[in-house]
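Here's the structure, in structure tokens; my notes come after.
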Amino acid sequence: MPSISSVILQATSCLCERRGCMQLQQLQQELQQRCRMTNEDFIYIIQNCPQRFLLVPDGESYSVVGRTSLRLCGAYSRGERCGGGCQQLHLCRFYVFGNCRFGKGRKLCKLSHDVSSKHNAGLLRECTLHELQEDHLFLLLLQNDPQLLPEVCVHYNKGSAPHGGCRFQDSCSKLHLCQHFLQGVCRFGPRCRRQHAVDQRSQSDLEQRGLSRQLIRDLPAIYRNAQHLNAAAAASPAASPAAAPAADGELKHPPLSHVTDQEEEICLHFIRNSCRFQDSCRQVHFHLPYKWEVYDGRCWSDLENMEQIERDYCNPAQTHSSDYQRVDFVTMTMESMPVRRLSTVSWVRRPPHYSLTTQWLWFCRAERGGWLEYGQPVTDSDPGRFSPDPSRCGCVQSSVLIRLWFSRWPSRRRYCSTHRFYWFYWF
């Protein structure tokens, strides 16, 4: 099987080639033609990459919708200066629409048309979208960023046809489209009295606003995908599915059992020889406060030389383990097979007198090389003291404006530019 990142890229490309959404079985067949992978590998990737793929029930099967956390920078689009460390793309929105009038004539656009600029390339690489084709990337951005799409008239869907309750009628600047169709639940189909496609008047208006004809034709599908993404975000932004669909379309538990955080923790009482639940304990029983495992397509199995792997992992300068089982700490893989690391409960969730709990330490790469631990005494060369009180908004800020954007980090990655986190143990 190819690397996980390459499979995710191929899956994302497949979705974007089909206007951002595909039937689960259709996507599986496409991927198996492009990549050598088993059904279990496919289910594992779809289930464990919720930041890239959204599963939507579709009759007896599922559809897969492409997703991303990247957005266009609003301040940049308005010609304003945005603050340093901006985590949004600096691109001309009309270039994303596919019809920027300044890009075709002698007069140059004031906004960037360069996806590979230093700022944009770093963000795309961080989200593993740097190898995606431009048109595929733009479609992904459009269906994930509601601010980019033209507004649909809510009054059109109230009242009788042809204009519903919209008092502006033909002069309305918003799109007149069937809301139920955009939600994928219109029971009238082609007999519906409301529009399921952009009419000639709206198309002409949208072209004047900078949207390409191809994008206008794809708008109903993009709106439908955006509806699914918005509904999933509103229902439970951080939730993951309780079960994953099997290759035959039935809802079954995946080869990698969906487990809670508690079931992925190592039992502290077992390490102390005091677990009263024994074999019925929901936590992992292991003699060390950490455990390295590899997934071979069927089950998780222990890696050899865990102590050496752990020693390498706790060195901020190491990106791979040094023994013959070469574990990539950036992608958490070994020879393209997924690797995971289990540990004991976090020290913040237990009283101070508990031993063998996990403590997280954060490091920052210094300008002159090497790694510095956040919170250490400040020196002239230190980048600043790390604030001990994390903000709930997803950004931690130090006294010298060092910011860590947790929401932008891929869930399986341990690196993000110049930051890395580690676990150490209290014995």
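Placed from the backbone N, Cα and C atoms, the Cβ positions cover glycine too.
Where the annotation comes from TrEMBL, it is an automatic prediction and has not been curated.
From a predicted model like this one, the values you see are computed outputs, not experimental measurements.
Of the listed segments 91-116, 117-142, TrEMBL assigns zinc finger to 91-116.
In TrEMBL, the zinc finger annotation falls on 261-288 of the listed ranges 9-36, 261-288, 289-316, 317-344. Matching 39-61, 177-199 against TrEMBL, the residues noted as zinc finger span 177-199.
With DSSP states grouped into helix (H, G, I), strand (E, B) and coil, the zinc finger (177-199) comes out at 7 helix, 0 strand, 16 coil.
As a summary of secondary structure, the zinc finger (261-288) carries 10 helix, 3 strand, 15 coil according to DSSP.
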